[in-house]
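**Student:** Dumping the structure here so I can ask a few things about it.
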Amino acid sequence: MAFQGKKLINNPDDVVTEFIEGLVETYPGLQYLDGFPQIKVVLRADVERGAYDKVAVISGGGSGHEPAHAGFVGPGMLTAAVSGDVFASPPVDSILAAIRAVTGPMGCLLIVKNYTGDRLNFGLAAEQAKSEGYKMEMVIVGDDCALPPPRGITGRRGLAGTVLVHKVAGAAADAGLSLADVAAEAKHASEVVGTMGVALSVCTLPGQVTSDRLSPKQMELGLGIHGEPGVAVVELQPVDVVVEHVLKQILSQYLPITRGSNAVLLINGLGATPIMELMIAARKAVPELQLEYGIAVDRVYTGTLMTSLDMAGLSITIMKSDENILKRLDAPTKAPAWPVGSEGNRPPAKFPVPVPPSPSMKDDEILTQPQELSKQGCILEAAIEASATEIINLKDSLNEWDNKVGDGDCGTTMYRGATAILEDMKKRYPMNDAAGTINEIGATIRRVMGGTSGILYDILFKAAYASLKQSRTVTANEWADALEASVAAVSKYGGASAGYRTMLDALIPASTVLKQRLKAGEDPVTAFIASSEAASAGAESTKQMQAKAGRSSYIAPDLLASIPDPGAMAAAAWYRAAALAVKNKLHGSKT
């Protein structure tokens, strides 16, 4: 039976910022940008903005993996780390703030774990930084060896092997190499590393219940670091048997390591594993590699480096080593989680954000007088309010579905966006300007929603705005064109299309039916209602789909059966609510 998880925290929404505050109080070589809560960036205290004479190395991702990534900031490793909310990719503005804060004339390398949200957000930030004149490179790490290729467009997940790539890149940058050479060394390291995880328990997100997916006598093989289900649930085995299985899996499929090769071994705790158990695993892994596989183990790192909150379990990482990789791994670093001791004078904990985020409407431009709404403004207001309210009411159901097929936070993420929209709409949305309102919704989402959902919805609303702003008067056909443009943009940048088990499986049918009905001369409201029914049917159809994008693509098809995609259900819900609100506003009736 599921039960409320016990944690030593205050407000669950503040865990990331309070972690960062404690981190910089503990280690005097670190600072954070004074941009809480939207911007959560830890950086080296000794790097002067714009004057850093070496390549800046930046990584990051969702929080919940501590000490990664902020714990690896320091000379000889990362120059800065960007944190998102728990298990949610950091927003583009946070990544840009980090780039601007530490990047000098030598340029910047972004090291990104292979998750869709991280690739999108870091990629967009890199492109923006390039347009501002920064030299940028990006290396994506996908070291997961649990899942057999191919996995649709998603690819292998980034796991604890990313930390070794951090060390190689950071040491290369510290040695004064060029951006191209640092990126080349990081890319090479990412191509010769493999990881697989084993869990004894499922992690508990702050403020949520603990999953009962694993019984006391079960363990899970090949799970991800966001608590998503692994490739198999098996009976609990002795650690020696587990180590043998994991090493065989890593070495049999992915790594170019053969008998006579050299390697580095990392035994990593996932959050709630005692160091005793990690050392027991290390004691088995080293002779297993040497005697059974003929691989010389040059270095062994054992400890808690990349976690999944409070998950009990471990991951094993193997990296093929050579003289240069060993040189980089052995190079000195003051990154606290590598680990090193703390020393030196304590600088101020906070550092000002170089360029503050720029929402589409500045705070001093917030509407001070109530708007006299036009008829179209009243309809738009009713549709937005109904959509947001529906998402708020659906929070628990979305989280429940996502607990089974993803990382369990879809409802929480969507709820965060919906509540912010309701808050912002009364004071900053120009309801009489449809295009302007859609643009402001995008700005709200970008500010408060993290992860893949946040950036995809930001893209969706920005594309709709670009379509709508071309028209003086927004008619039903213009709305249909905007929806079509939005769907195309999400598909283009997210990589998914119909049948991939994503929110597009609700929005594509909706767009198609809306265009068809309007072209046939049907009443716009009737067409809107029909298209919302198509959205709901499309979302329900995801129960029979095999995932080809997002974290669900890592999960066995039989575990997905009969469970709808949470993103598709959310999209269908707000779209349907909007359609019914418009009908009620115009016709004064409900269905």
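Glycine is no exception: its Cβ is also placed from the backbone N, Cα and C atoms.
What TrEMBL shows for this protein is this:
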| type | residues | note |
| --- | --- | --- |
| ACT_SITE | His226 | active site, tele-hemiaminal-histidine intermediate |
| BINDING | Gly62, Ser63, Gly64, His65, Lys113, Asp118 | substrate binding site |
| DOMAIN | 11-338 | domain 'DhaK' |
| DOMAIN | 378-580 | domain 'DhaL' |
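Let's see these features in context: how buried, what's close, how far.
**Tutor:** The 10 Å shell around the Cβ of Ser63 (substrate binding site) contains 25 further Cβ atoms across the protein chains shown.
For the domain 'DhaK' (11-338), the model's pLDDT averages out at 93.
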**Student:** Let me know the largest Cα to Cα distance in Å among the substrate-binding residues Gly62, Ser63, Gly64, His65, Lys113, Asp118, as an integer.
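**Tutor:** With Gly62, Ser63, Gly64, His65, Lys113, Asp118 as the binding residues for substrate, the largest Cα distance is 15 Å.
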**Student:** Measure from the Cβ of Gly64 (substrate binding site) and count the other Cβ atoms within 10 Å, all protein chains considered.
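**Tutor:** A 10 Å sphere around the Cβ of Gly64 (substrate binding site) contains 29 other Cβ atoms.
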**Student:** So which binding-site residues out of Gly62, Gly64, His65, Lys113, Asp118 end up within 10 angstroms of His226 (active site, tele-hemiaminal-histidine intermediate), measuring C-alpha to C-alpha?
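**Tutor:** For His226 (active site, tele-hemiaminal-histidine intermediate), the binding-site residues whose Cα atoms are within 10 Å come to Gly62, Gly64, His65.
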**Student:** Starting from the Cβ of Lys113 (substrate binding site), draw a 10 Å sphere and report how many other Cβ atoms land inside it.
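**Tutor:** I count 29 other Cβ atoms within 10 Å of it.
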**Student:** For Asp118 (substrate binding site), what residues in its own chain, 6 or more apart in sequence, show a Cβ-Cβ distance under 8 Å?
**Tutor:** Gly60, Gly61, Gly62, Ser89, Val112, Gly158
